[in-house]
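Heads up: the structure comes next, in structure tokens.
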């Protein structure tokens, strides 16, 4: 599907030879903001893990760019420590020896022209010494306000120019703006310098095995798709809960809030994958087309006051630890209206889903860390059993557990052993770790490899980002004008208002 | 936990498996395949250890079939089946049953294995040593979708390759082939980087290592150029040199872990190419259970078509008689190790008795 980079007619490549992994062509990765948490905990280990699995090309180069006064050796030491601490696969000296040859560090700030000149000469030097062939991906692990300046600098110093068949790609992290207008501006800034198909927006959820498995579950099987519609599904709940607070991210989080931070990207993407029609192929264009159709068909209920809830965590006990409330956190304005919990109801106006609500919720300091998609089915229209027999029977459900403990649970009724007829809910479980590799690749490994291969399947496009903002913007505007976030005790499953919101529809939240 | 069953039947073993799972509190487990290991007592420990490590990636029911040698006519007429059922922490992520077969039942191992296979799940048979001449026709091999042999463990590896080629049935595979996947992927990646035509290839590696022949045959089959097989003192494969229209491409690994890739006009680069453990090989083998057509076409290319100049047994001869000779020789070889193995065990037994005294 994705042509391998390099020459097309390699006689050693054969589609039938499935042992040979997809190895990226000659290339390098430049990380801006390389001293940050994400880089140390996720990106550097992912690069090592890829190398360890033999998926990086010989001569792969890693360039760090940051303000710190480091020499190449200090940088290599930093990567070494990060890899030792966070890599998924065991540390092997020979893999490290392979990687270290292509490691460079460029010191400078984002507005420093000299530094970008040095970056350019570093890249040229790597092309000569490592044979990277001018193919570089620029990973912008930087605060959103620095995006424009870095992108402009790349343009100014000719770093984004693709010459002689080589490629230059930009990898950007969320947030992709904070509303539709800013997202459009950001897209304009990026697309001025990089071609749209060379821009990769990382939504690390889409790199997770379970999320990709949603497509396998739905479209590779026959037993789920026939009931995946309004005739059988009662409603869908998509939850992403965190047990931590905002930690040290006050500066970033305040004013953004849970809905912009999580619902706009992760949850709406999960909703799109759950609700979309079958794509014509598994190619990037076909997938994006189907996701865009679903996001375009999403509608908000008229009364936003009754169909959305936002909250802020108050002090309390979370898993045996005493924790403080959001408004007491360091660096947070005590009058802040930022939401740390958000729940919304979305309807999808098409023939498959008309009348089936999708409830999306996310929050910090909730009961435990969990992400899941629960498709809850309607009750049987008629039951031959009398009322007492089915008193304890709930609704059937298929739950796709995205993290942790990736897997799928099916809930259905079963007879309780004994002489009387009594039917109760039981669960049938499929756990990834049980049937497949214990070491399924980290999302970032998959995504970095896809960037180097130029495979855009798992990356949201400009249109998807803008459509998601179109769904969220009216809610944020309504919240700005009306009321304050409800307070909920840390360690619980959110404010009472959220329960009331579902109770009004005659439903209740699952306890994940 | 471990349950020992002496003089038992497959039915009782099944009961013990259910009981064992119930006792440790996991009545249903998501095992994806049954792995049958056919081996002798000598190799059972290592093979089982590798399989348990691999089971972390592929939870499976592992059946170890150990055929015990009978040393008297009386022993040969009686038959007995002993089993050791392991579930939980002792069996990796799956379940393990070690089956010891004595006497007549040795020739009917399939009757013991068949009732113990997981329903609906694929079956893989692995012979760490002494693989049958025609794996697909073997009673145990016939139960499996995938039959894993290892020519590296054979007495005459290169002749064994010819025998494998003659008997090839879709689903056959060889750990010697699995061993070279990293080499193959690195060579393919090297050719990705250039647009030249390959003229000739040299594959260099230790003697009696069929991986070198398999790699040479694969290159010869894919590239359609003459491939020379050269000997070195190892470890394993040491170098592949491709002579191309734009200069040589060399992948050189002298120490068995870190290799150097040199392409004309490009800087030399270090690449990690570590020799892998058996557990990793088995894990790779279990990842795909469909026939490996690439292996088939490489194997069928034929060892005799390689220019194996310093190889004593396949020097200058007419091509046709050579093929026959190879087949004949292979037939002999296949019998020989079996004899040899029994001889070994027989020799060992008195020693053990002596020690007991």
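Keep in mind that glycine also has a Cβ here, set from the backbone N, Cα and C atoms.
TrEMBL lists A:204, A:208, A:242, A:261 as substrate-binding residues, and of the candidates A:84, A:364, A:415 the one it assigns to that same site is A:364. Note on TrEMBL: of A:1-20, A:21-40, the range annotated with the feature region 'Disordered' is A:1-20. Comparing residue A:261 (substrate binding site) with residue A:174 (NADP(+) binding site), their Cα atoms are 8 Å apart once rounded. Sequence-distant neighbours of residue A:204 (substrate binding site): residues of the same chain at least 6 apart with a C-beta under 8 Å from its C-beta are A:42, A:443, A:444, A:447. Rounded to a whole number, the distance between the Cα atoms of residue A:266 (active site, proton acceptor) and residue A:67 (NADP(+) binding site) is 31 Å. Ranking the recorded positions A:208, A:242, A:266, A:364 by Cα distance from residue A:174 (NADP(+) binding site) puts A:266 first.
Cα separation, residue A:266 (active site, proton acceptor) to residue A:242 (substrate binding site), rounded: 13 Å. Cβ neighbour count for residue A:242 (substrate binding site) (all protein chains, 10 Å cutoff from its Cβ): 18. There are 22 other CB atoms within 10 A of the CB of residue A:208 (substrate binding site), with all protein chains counted.
A simple way to gauge crowding: the CB of residue A:174 (NADP(+) binding site) has 18 other CB atoms within 10 angstroms, across all the protein chains here.
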